[in-house]
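Undergrad: For 312-323, the entry in TrEMBL reads compositional bias 'Acidic residues'. Per TrEMBL, compositional bias 'Polar residues' is recorded for 327-337. The domain 'Palmitoyltransferase DHHC' annotation in TrEMBL covers 129-247. Look at TrEMBL and you will find 293-337 tagged as region 'Disordered'. The transmembrane segment annotation in TrEMBL covers 20-39, 55-73, 177-199, 211-233.
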Amino acid sequence: MRRGWKMALSGGLRCCRRVLSWVPVLVIVLVVLWSYYAYVFELCLVTVLSPAEKVIYLILYHAIFVFFAWTYWKSIFTLPQQPNQKFHLSYTDKERYENEERPEVQKQMLVDMAKKLPVYTRTGSGAVRFCDRCHLIKPDRCHHCSVCAMCVLKMDHHCPWVNNCIGFSNYKFFLQFLAYSVLYCLYIATTVFSYFIKYWRGELPSVRSKFHVLFLLFVACMFFVSLVILFGYHCWLVSRNKTTLEAFCTPVFTSGPEKNGFNLGFIKNIQQVFGDNKKFWLIPIGSSPGDGHSFPMRSMNESQNPLLANEEPWEDNEDDNQDYPEGSSSLAVETET
């Protein structure tokens with residue numbers, strides 16, 4: 001009976017957590033819906049008097065709004081990609097691993113299994129990266145998200161504002177969402193500013209639209225500042241071919257820690273996220289190269305390009321098999337082992 005109550009309570013808590021996790025998304029959606037009403041109806045249709053200005057404002061606004069909403073949708077509903085079956089332990093290997101009590105033998109078992117896989121990163125202690133919850137050997141740049149309760153390929157962070165884990169499958173969409181969000185806020189702020197001044201000086205009648213126009217400028221500027229910082233940070237990460245987790249914890253390869261282990265050069269780094277075809281860079285469709293399980297590495301190119309060997313090595317990082325608390329970065333929420 002007690003066990004049944006505990007299971008019911010645990011299920012209820014998980015259900016509540018899933019419902020509450022959508023609250024940040026709901027807040028963003030409500031703010032966006034209000035901004036749409038305030039801009040389209042209260043500003044363009046009520047406040048702006050010139051027909052030509054109305055048309056221009058509405059066309060440009062809706063063009064930006066479509067891409068903004070499209071990329072936000074893709075960031076939310078593109079499921080994180082998990083490692084394929086060959087990285088999972090077979091039933092026999094899992095039984096052997098769990099029944100083995102000697103840690104050094106367990107480590108050697110993982111080393112033998114990893115020899116058959118394209119895995120080149122290790123934990124801080126040099127061991128094979130293994131997820132004891134998903135029972136798999138982690139591919140390079142893969143981490144376990146404790147919020148999503150699964151391993152995510154090329155995990156960047158878990159973002160509460162999209163209620164999704166940002167990784168290989170949707171990192172491009174997340175970057176596009178940030179870019180179009182910045183453009184959306186900037187466009188609203190610049191077009192609303194002149195009418196904000198007119199209302200402030202009393203050149204326009206004090207009607208209901210005044211509140212919406214004044215508040216619209218304030219909200220657009222507030223979000224613009226925070227989004228520019230976040231977008232700038234992720235642009236820096238893309239230029240170095242790093243994830244948020246790799247920026248905080250240096251990747252460890254079989255040869256040792258290397259902060260620039262995946263840095264292929266500025267252009268190639270961008271192509272690793274957006275693909276080779278530039279016509280797809282601004283459109284939220286999947287174009288990232290590869291399958292998310294393995295990535296080109298700087299160390300493999302050093303013998304061909306001696307200039308790549310001039311970077312300074314980074315300091316050792318802690319063991320990779322740990323949990324990052326939610327909200328450990330002011331720029332992104334991440335939970336990983």
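Just so it is clear, glycine is given a Cβ too, placed from its N, Cα and C backbone atoms.
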Undergrad: Any idea what the model's mean pLDDT is for the domain 'Palmitoyltransferase DHHC' (129-247)?
TA: 94
Undergrad: Where among 20-39, 177-199, 211-233 do we find the most Cβ pairs under 8 Å to the transmembrane segment (55-73)?
TA: 177-199
Undergrad: What same-chain residues lie close to the transmembrane segment (177-199): Cβ under 8 Å, and 6 or more beyond its ends?
TA: 35, 39, 43, 47-48, 57, 60-61, 64-65, 67-68, 71-72, 74-75, 162, 206, 210, 213-214, 216-217, 220-221, 223-224, 227-228, 230-231, 234
Undergrad: What residues elsewhere in the chain lie close to the transmembrane segment (211-233), defined as a C-beta under 8 angstroms and at least 6 residues from its ends?
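TA: That would be 31, 35, 37-39, 42-43, 47, 175, 178-179, 181-182, 185-186, 188-189, 192-193, 195-196, 199-200, 331-332.
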